[in-house]
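Now, the feature entries from TrEMBL:
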type	residues	note
TRANSMEM	A:12-31	transmembrane segment
TRANSMEM	A:37-56	transmembrane segment
TRANSMEM	A:84-106	transmembrane segment
TRANSMEM	A:112-131	transmembrane segment
TRANSMEM	A:170-198	transmembrane segment
TRANSMEM	A:204-226	transmembrane segment
TRANSMEM	A:238-259	transmembrane segment
TRANSMEM	A:271-292	transmembrane segment
């Protein structure tokens, strides 16, 4: 069944969109990532104009994250206090990101920069997570008993403005979470993603939050940042396609529910190694686009913007 | 007085030529884009009205359908620092979003180059490109790429021999319009030619419009962007909550 999208001005199969939404929704629920880093390139691939894909994806992430976070709320695996601190940083970051994005657009080459951002960040994050999870898996297998977790006591714990985050069992300064929020907000606005794939490892490795809480908190934080991004796109570029969003989110919210349940059955190390592999696959695909000679050297775009 | 007579005499053959006129029919003069729109076929048919006997030279018919024209930026990738990046760009000043040409016979038989140039009939001529940057020597490659990309998308069509002509009087053709149409007034032109010369032409418009829910959403997104954005968010949150609630109910049962 073909459906005509009013803003994107293309006609695509409704079942394809539902399927894509569902698939990405499962991953979103499992890993606590918005899935934007996967969905946005997939939408480009089926012929949705990039500007519409990015803006609509932000709207769709709101839905799947909201659905996912409710499941986590019931299990009390959301650190609300930490989420709010991260959100404060996220909003500042998103606003900064839009300024940077517009500046880059005035220089041209914004597509290239977005792609390079994807390749670099996905590569670094995926690689680090993969190595770390392998090490964790090997340790769990080799050791006779579970080794007690050693808390990192580095510079992160020496900063002022300490705050107690009871759900995470942390007593740390608010500066690192706000900093992470800003950094992720900037990336979210430039790359058109929720930023969960950066946020999750940052919370685990930089803040030392327990993995079970990380997923719910990340989803909680993503909702506000992507909601803000959706409004920015809808009011400045008019590129949010509500029909596309509804189709994606119907598949997405169902997928997210299934994914949350799968995520609870898997061990944290397995979860992390799967996420790392997926991030690396997407990174490899994007890198190949940049490195190999494309079949069509020319591309079309609307003129008048320069 | 003598000069005037000479002019009048000169005009007679021209007048005789123009006696062949197009009477046109369209299967529809508007294309409505609805939610289930997946392309459309337009039937263009008509007759040649004449008061004189049919001339010995064969009559040919050329039909074009053109969408609204917009400037397009054509970019070319180049291998720089080991990766493929957009390097040069040429702006094509006006390129129709959709363009189809249908003829009764082979292109070289139906229209001379001069007439093509005058009426801008062929795909290459329908695109207007002036003022490529000085440093780009091969600007024609860019407009060729534009045509190639749009031809592959079914947006530009060259349909040689696709117009059926009966008794040198009745003609008809069908033009497929793809799903990703741009809104606007589409122009249909019909040229009658003899020996490559245009003897008569006729023009009409086809209205391509979004209707119903599509139209309402499109207008809302442009005129009330804040409301539209809030509505998008509300739908997203309700859908997320609804799915979550539905799953909880299913599980508790």
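Keep in mind that glycine also has a Cβ here, set from the backbone N, Cα and C atoms.
Automatic prediction, not curation, is the source of TrEMBL annotations.
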Of A:12-31, A:84-106, A:112-131, A:271-292, whichever stretch has the most CB pairs under 8 A to the transmembrane segment (A:204-226):
A:84-106
Contact between the transmembrane segment (A:271-292) and the transmembrane segment (A:112-131) is defined here as three or more C-beta pairs under 8 Å separated by at least 6 residues; is that satisfied?
yes
Which of A:12-31, A:84-106, A:170-198, A:238-259, A:271-292 has the most Cβ pairs closer than 8 Å to the transmembrane segment (A:37-56)?
A:238-259
Is it the case that the transmembrane segment (A:170-198) and the transmembrane segment (A:84-106) touch, counting contact as three or more CB pairs under 8 Å in which the residues of each pair are 6 or more positions apart?
yes
Distal contacts, the transmembrane segment (A:238-259) - CB-CB under 8 A, six or more residues away:
3-8, 14, 17-31, 35, 39, 48-49, 51-52, 54-60, 63-65, 67-68, 71, 230
Quick test of the contact rule: Cβ under 8 Å, at least six residues beyond the ends. What residues does that give for the transmembrane segment (A:271-292)?
27, 30-31, 33, 37-38, 41, 115-116, 118-119, 122-123, 125-127, 129-130, 132-134, 136-137, 197, 200, 211, 263
